[in-house]
């Protein structure tokens, strides 16, 4: 079949790869100048297969209210003037029950663990370099009350068989030697040995080249203006400069999936949750992180690439704007300087923001729509990198009419239409 993929971030390019592997004739279009230019550009770099957790959880509403009054809040809410922002928040609050949390957690772990397996197969097949490190994630807690609050998440790790180890402050330095200098600031730690790290943008750029070798065609600077259909099937996708026909269409447009597909009267429950990152050069390897350190107090991740440190996190609900407030930069700089003061050069750091496509239940939208030939692979929130290959393989199998290797029927848009 001729398959048109909308979006050239990690979700779209990964989908193109598996569709081409399945023998389809694949075309990818994107409004940007190249691949991985938006949400995939400078994310935190974590491949967090083990600590895949819904935002919507019991106790989150209370926590969110407290965070709003912190000097460096991990969550920030700014009214964007739309009724939809309120509707989305209400849907998220409805998912903050124990029952919904367990259902959503199971779905997310299922996709993430499958994605881990897809990464294993992919690396064996291609040997691609994307500065991957398989040295786990270290979550640090600065206060005892944070440890107590995390007990529910730790119980879920136990239930799903995700390997972990509780650590005393001094034991954290076994995995991150540079933290030996600051153990007095740590109450305890949690190590997830099966997690990994990697540069999402580098991965997507290299995968783009592999896709081209398989015959996938890419068209950039293509802003979608119209989608023509007959009520049952998509006929053409029109941009400002071209017209694309296909037997099947895959939407992997992240936050913009909702706005682009609104013309089809499809109501995708996706809201743009803004995140920030700093990227700085390593100046002292002994003083830098080895893998990823997740600071529970600030909800900030510090990740090591080969010669760079990526500091990313926070969540801001403020619509589609991507301004770079100095206050957010200060938060990221504070955390990395507090834990790894000798690791990198903040004066040379680049500051970035991106929009995460979040659903109210934190689970992506994967699979069919009411249009026979329109499929979704979007809405991954903060886990688009982690879930990328697993979601893409599921999407390619569904488009191809194959049975998926894991359950996928509860991942489609229909769960919001029941």
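Glycine is treated like the rest: Cβ placed from N, Cα and C.
Residue 15 (FAD binding site) falls within a helical segment according to DSSP. Summarising the annotation, Swiss-Prot assigns FAD binding site to 3-17 and lists sequence analysis as the type of evidence.
Listed in sequence order, the residues of the same chain lying 6 or more apart from residue 17 (FAD binding site) and placing their CB within less than 8 Å of its CB are 207, 210, 211, 214, 216, 392. Neighbour counts of Cβ atoms within 10 Å were taken for the binding-site residues 5, 11, 13; the minimum is at 13.
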